[in-house]
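If you check TrEMBL, you get these features:
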type	residues	note
DOMAIN	1-474	domain 'Major facilitator superfamily (MFS) profile'
TRANSMEM	50-74	transmembrane segment
TRANSMEM	86-108	transmembrane segment
TRANSMEM	128-147	transmembrane segment
TRANSMEM	243-261	transmembrane segment
TRANSMEM	387-410	transmembrane segment
TRANSMEM	417-436	transmembrane segment
Amino acid sequence: GSIVYLGMMVGAFFWGGLADKVGRRQSLLICMSVNGFFAFLSSFVQGYGFFLFCRLFSGFGIGGAVPTVFSYFSEVLAREKRGEHLSWLCMFWMIGGIYASAMAWAIIPHYGWSFSMGSAYQFHSWRVFVIVCALPCVSSVVALTFMPESPRFLLEVGKHDEAWMILKQIHDTNMRARGQPEKVFTVNRIKTPKQIDELIEIESDTGTWYRRCFVRIRTELYGIWLTFMRCFNYPVKDNTIKLTAVWFTLSFGYYGLSVWFPDVIKHLQSDEYASRVKHFRNEEVSHFVFNFTLENQIHSNGEYINDRFIMMKFKSVTFEDSLFKNCVFEDITSLNTYFRNCTFVNTTFYNTDLEQYKFVDSELINCTFFHIRTGCQISFDDDYSAYWIYFVNFLGTLAVLPGNIVSALLMDRIGRLTMLGGSMVLSGISCFFLWFGTSESMMIGMLCLYNGLTISAWNSLDVITVELYPTDRR
């Protein structure tokens, strides 16, 4: 889960700097395309390492979208409406979270959607969910192709004619909405910003093509680095340091809880589950057919001779110090099931998901394995508690709706700093009470309260950040 954030960190640095060089829209188009491509690719890859690689580069694209979209939107907004409309923009973060949670809830339980191509390629329902989560990104790329560049950025780089055309389009649209279509777009005064340095041009006959590409890439990266370092120069140095502290603390609190909370719910459920475990000792079973579900059991020092385990589900079952002789395991699905210090003699495994790691310190003598299922086989029939991951995330995301509305309506009235400070204090106090949570419902309630209080801080911080920097460093 954290590798996406690693990609976002690098991506924000790279795409943010590039957006100050090539433009907000162009940077958004590229980084969203990168995100969409690797999100789709991660749905199909086999192997944990390659999957993490794809998620890393998907995060690399996401990292550019987050800061660039706020700069892009703020630069076509009037100052008196900026706080309100950026808060409405933040609401779509909530809508995206609800969409992701709802899709997970609707798609992943459909275990029947899975298919395999031999034992090498497995495609399960969670992969469909990954594809569906990439669709909004693709639609955003399509929509961005019809959007104009930021006129403020165009003025910054000296493209005045293009900027005038976009500003005229905005003006005419606003006047028609106000019932004044006859009002003419005029400019009384223009403040020409200092031009940013242009990238060096490399003549086509200078060196080889790869040399020109190397110099071009090096120049681009150096320009991005210079832009970044200018955020630590006077007069914005103090703002950068203070904003860094606020961004770190908010992210640490919010994303820290998001990553940690499903484990808390799972821990509370496992404690309750473990209290109901059944113990079976010294069993001697022979010539018996097991064709029912075994759940939350521990079997110790048993002997199973000439038994058949057919079309069964094992959920949280452990066999310890047991002997299996002349047995057959066929069409077996297991979850949290292990054989510890067991002995298997002349036993056949056919179409099971009993991989080697489930035999802990066990001895297999003359055993045969056919059609072993590998990969992520989890289904909601097997693990209902997994529902909580999506249900809790759904509730936590929905809880930010009141805070979004409040911040949108009050941002321009009470001020950005007042809302930021008040929201951080209140959310910090609510986070403290998580210490006293002893049940699932209490913990979920406190999480929803924390999310609802902290969203106003996020919205305020987004507005403050874009307003405290000039266009060429935003």
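Any Cβ shown, glycine's included, is placed from N, Cα and C.
Touching of the transmembrane segment (86-108) and the transmembrane segment (387-410) is concluded from the presence of at least three CB pairs under 8 A, sequence neighbours closer than 6 excluded. Listed by sequence, the residues of this chain that lie at least six past the ends of the transmembrane segment (417-436) yet keep a Cβ under 8 A from its Cβ atoms are 246, 249-250, 253, 257, 403, 407, 410-411, 442-443, 446-447, 449-450, 453-457, 459-461, 464.
Long-range contacts of the transmembrane segment (243-261) within its own chain (CB-CB distance under 8 A, at least 6 residues past either end) are made by residues 1-2, 5, 392-393, 396, 420, 424, 427-428, 431, 434, 443, 447, 450-451, 454, 457-458, 461, 464-465, 468. Within its own chain, the transmembrane segment (50-74) is flanked in space by residues 3-16, 18-19, 24-25, 27-28, 30-36, 38-39, 41-42, 82, 85-86, 89, 137, 150, 462-463, 465-467, 474, which lie at least six positions past its ends and keep a Cβ under 8 Å from the stretch. Confidence over the domain 'Major facilitator superfamily (MFS) profile' (1-474), given as mean pLDDT on the 0 to 100 scale, stands at 85.
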